[in-house]
Amino acid sequence: MNPAHGKQYRDWRRGVYAITDSGLTPDDERLFAAVEAALEGGLALLQYRDKSNDQVLRERQARGLAARCAAHGVALIINDDLALAARLGVGVHLGQQDGSIAAARALLGEQAIIGATCHASLELARRARDEGASYLAFGRFFASRTKPEAPPASLELLGQARALGLPCVAIGGIDHSNAAIARRAGADLIAVVHAVFAADDPARAVIGLREAR
Ligand SMILES: Cc1ncc(COP(=O)(O)OP(=O)(O)O)c(N)n1
Ligand SMILES: Cc1ncsc1CCOP(=O)(O)O
Ligand SMILES: [Mg+2]
């Protein structure tokens, strides 16, 4: 077992799930400052999402985030890159084009947090659960500035997905004005990029999202 997976994390299954964006935090200093503030605000999960091919930068930033998340007892998830997640002993988020959930489970072990993009499909969600996913991500539910081309999903899906028995993540255009709507519809975790990493005060932004009712 990877030693990092034996750590005690705060409950990651409910709350605010922040996802980094290299456009909004374009260097190490701004990335780490914003993430530290978001962690202070009380994140449930953090995802490192960098779509560049700069392996050196990705390794350095992911390691920097892993140390900061560990200091707060918050689990780190790496977007797309199973090998990087395995090197760091952290979780991974995989979309439909990012490789097999079953292979990720086999490599990372049974304690690792493995997330799956299910778009607007209960069938994709069932398949991901059966392959060993830890959470199921649906969306986008609202207009997203980060990924406007993501296929839309309807909020009723969140209620239906609860029957699958895994934590459900809602993503896409979520902010203070609509977080409570997603939560009431059945989301356990609210995943956000812009609402936290474009905010002047990411700590306050996370608190606001946590308290949105
Ligand atoms: C929590 C969460 N949900 C969905 C996604 C999207 O993943 P994917 O479809 O692979 O798209 P990219 O993020 O890789 O562009 C996510 N990253 N996190
Ligand atoms: C990665 C991703 N997948 C679907 S929407 C999205 C982006 C979410 O970002 P924002 O919270 O800024 O809409
Ligand atoms: Mg992906």
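The backbone N, Cα and C atoms fix where each Cβ goes, and this holds for glycine too.
Quick caveat, the model's predicted, so the values are computed rather than measured.
Annotated in TrEMBL:
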type	residues	note
DOMAIN	16-196	domain 'Thiamine phosphate synthase/TenI'
BINDING	Gln47, Tyr48, Arg49, Asp50, Lys51, Asn79, Thr117, Lys147	4-amino-2-methyl-5-(diphosphooxymethyl)pyrimidine binding site
BINDING	Asp80, Asp98	Mg(2+) binding site
Winner by Cβ contact number (other Cβ atoms within 10 Å) across the binding-site residues Asp50, Asp98: Asp50
CB within-chain contacts under 8 A for Tyr48 (4-amino-2-methyl-5-(diphosphooxymethyl)pyrimidine binding site), separation at least 6: Thr20, Arg58, Gln61, Ala62, Leu65, Leu76, Ile77, Ile78, Asn79
Contacting binding-site residues, sequence order - Gln47, Tyr48, Asp50, Lys51, Asn79, Thr117 vs ligand 2, Cβ under 6 Å: none
Cα distance (Å, whole number) from Asp80 (Mg(2+) binding site) to Gln47 (4-amino-2-methyl-5-(diphosphooxymethyl)pyrimidine binding site): 10
Count of other CB atoms lying within 10 Å of the CB belonging to Arg49 (4-amino-2-methyl-5-(diphosphooxymethyl)pyrimidine binding site): 18
Binding-site residues close to ligand 1 - of Tyr48, Asp50, Asn79, only those whose C-beta is under 6 Å away: Asn79
For Asp80 (Mg(2+) binding site), nearby residues of its own chain (Cβ under 8 Å, 6 or more apart in sequence): Arg49, Lys51, Val92, His93, Leu94, Gly95, Asp98
Spatial neighbours, same chain, of Thr117 (4-amino-2-methyl-5-(diphosphooxymethyl)pyrimidine binding site) - Cβ under 8 Å, 6+ residues apart: His93, Leu94, Gly95, Gln96, Asp98, Leu124, Ala137
Local backbone state of Thr117 (4-amino-2-methyl-5-(diphosphooxymethyl)pyrimidine binding site), from DSSP in three classes: strand
Cβ under 6 Å from ligand 3: qualifying binding-site residues of Tyr48, Arg49, Lys51, Asp80, Asp98: Asp80, Asp98
DSSP three-state assignment for Asp50 (4-amino-2-methyl-5-(diphosphooxymethyl)pyrimidine binding site): coil
Packing count at Lys147 (4-amino-2-methyl-5-(diphosphooxymethyl)pyrimidine binding site) (other Cβ atoms within 10 Å of its Cβ): 16
Number of other Cβ atoms within 10 Å of the Cβ of Asn79 (4-amino-2-methyl-5-(diphosphooxymethyl)pyrimidine binding site) across all protein chains: 21
